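The feature domain 'SSD' is assigned by TrEMBL to 251-363, 644-736. If you look up TrEMBL, you'll see 12-32, 221-253, 265-286, 306-329, 335-361, 394-414, 584-603, 610-632, 679-702, 708-738 marked as transmembrane segment.
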């Protein structure tokens, strides 16, 4: 079947070229439909209880992730001049399009009064500012919400209208707020920082897109320079890169036509598709050049390359598709989408490479290509022959320790704990990271978690039991280490006049609907108690929530009929993102198992399947165990890196095994000689692809984003160890454990009587 398809591709190249042009044109129209304007919440949304509870919270109390937190810091904020300046800033921010509410200390009323502001709009020069400061800091609404304990930090909470805001809306609000606050900072000398969900998201997504664009360009340039040095010519680079680039266009076009959007995970898709495509291109090109060197014409050389290397490329594509396709088992929609798109991109990359190589070879001076290219391949082959001596002569010395190391690394590798920090993809000195750190230190955080309190149908908020439950929730939060600033309708009622809860609640019901809606939903018989949480990661937050939920369970048992649970964007993101990272890890393990059976079936040998397990697992285990030993958690970037590099490691292994099988079936070739020839033939392609990919990944180290730096380091480490696994460990295993082919045994049997 493969020879027939290969012959059609090389002999009907004009038709193939027309098809490629047509598909690319259609893909280009699809790319125009692509949108980067996605809701940041989409990355952790899932079809589970946590997400459903979050949707109910949004429905009853509005989105809690639509806030921009303006942090003001000065040695003494409570001066007449500073208070007037901050009030003007508050008014200016409230006028920005999209801001529906601006909460600040200037909204406070004197305790026991409905109308008298705590901070008068016009202050006399001789005003008692110390008394005013103490009054603000003791106010039940301001304490640990709007002003820090030492009075050196104030917070303005800006609420942005809308639901599930796309990136364009987020940036459209955050940028004007940032411009306004920077002008304020210059004119007053008060330090201003921006924190909160929207600020982190805007800065993360914008920085990620910019960094990926610049990083991808720099990586491409450096990788191209390395490729030029390795190939010693521009034509081979074009032959290797055109197919993968077209594969990216096809992938993005398909995503556009199917209505997919490019979010946080989607930004790595172009790099992924190009990397996979380049690996296959190099193998096909080197085999084509090898056939040219034997005197074949370009058409025949391309045909032989497709026939000899095509099955291995097809098998590598299949294993990669299955590896990424296993992500569809995840509960998280963004993971499913990424898995489908990555699997599609892997297949389209191979298709583009196979289609374009016969077409491009028609326009290449084959003699010139063969002359320059053969020199490079010859040098690499000589080096590879020397390299092959080591695993052949010291097979036991290499194989047994390698297997032992993999077994020893299993335990630490599987001790990784998923975690995510909201600012982990931002530079440590970025505005949002610094702002979140300051808020954590002075206020306990700039993010909120919520305890949702539900009362029975025959009760109401003003009932004594409901009040008692709410007070005990306050106490439970206060007693949970790491949580600060508990706030609910009780704080607001404490500031209103009235002798009873009922009378104060009636006054509360006269407040603007926006204030009521954020605290109490009588139609759903629910209220929320919020708490500030620090930006120290999902794992730490998860531990706090577990302790809090233990206290809430005791309260629920004490008051039958009342329901209590913890929710909020930060809680749902923490739980779902940890599950998301866990899904990536599980899919990686599942992909490894699937790939093992596929290789065993494809090569019709369980022995070969077991042999390939060691070089495939070796780079991943070394890297995973290294992360654990160095104290790094399993983050999104590391999980994605493992998924990407598993595919590359398996691809190289398949090419080695395929070529080994071809040589071993030739009459008169011993196993050691088959290994030597395999290393000499496949080694140059692995050297070139590894050199290009490592140089490209290493270029990403210049990124200011720690996440991309981690991706770069892990990718380089995995690629280097994968090369050692395929060129050192795998040959040693083949020498020791590969079964001799029946054809070789038959030849020996036939030769014996003639001697």
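One is the number of the first residue shown, and numbering goes on along the chain from there.
Backbone N, Cα and C define each Cβ position, glycine as well.
Summed and averaged per residue, pLDDT over the domain 'SSD' (644-736) gives 84. Using the rule of three or more Cβ pairs under 8 Å, pairs at least 6 apart in sequence, the transmembrane segment (610-632) is not in contact with the transmembrane segment (335-361). Only residues 6 or more beyond the boundaries of the transmembrane segment (584-603), in the same chain, are considered here, and those with a CB under 8 A from a CB of the stretch are 315, 318-319, 322-324, 326-327, 329-330, 335, 339, 416, 418, 609-610, 612-613, 616-617, 620, 634, 636, 639-640, 642-643, 646, 650, 653-654, 657, 661. Here the transmembrane segment (708-738) has Cβ contacts under 8 Å with residues 211-212, 215, 384, 387-388, 390-392, 394-396, 398-399, 402, 425, 607-608, 610-612, 614-616, 618-620, 622-623, 626, 632, 635, 637-638, 640-642, 644-645, 648-649, 652-653, 656-657, 660, 664, 671-672, 674-675, 678-679, 683, 686-687, 690, 693-694, 697-701 of the same chain, all six or more residues outside its ends.
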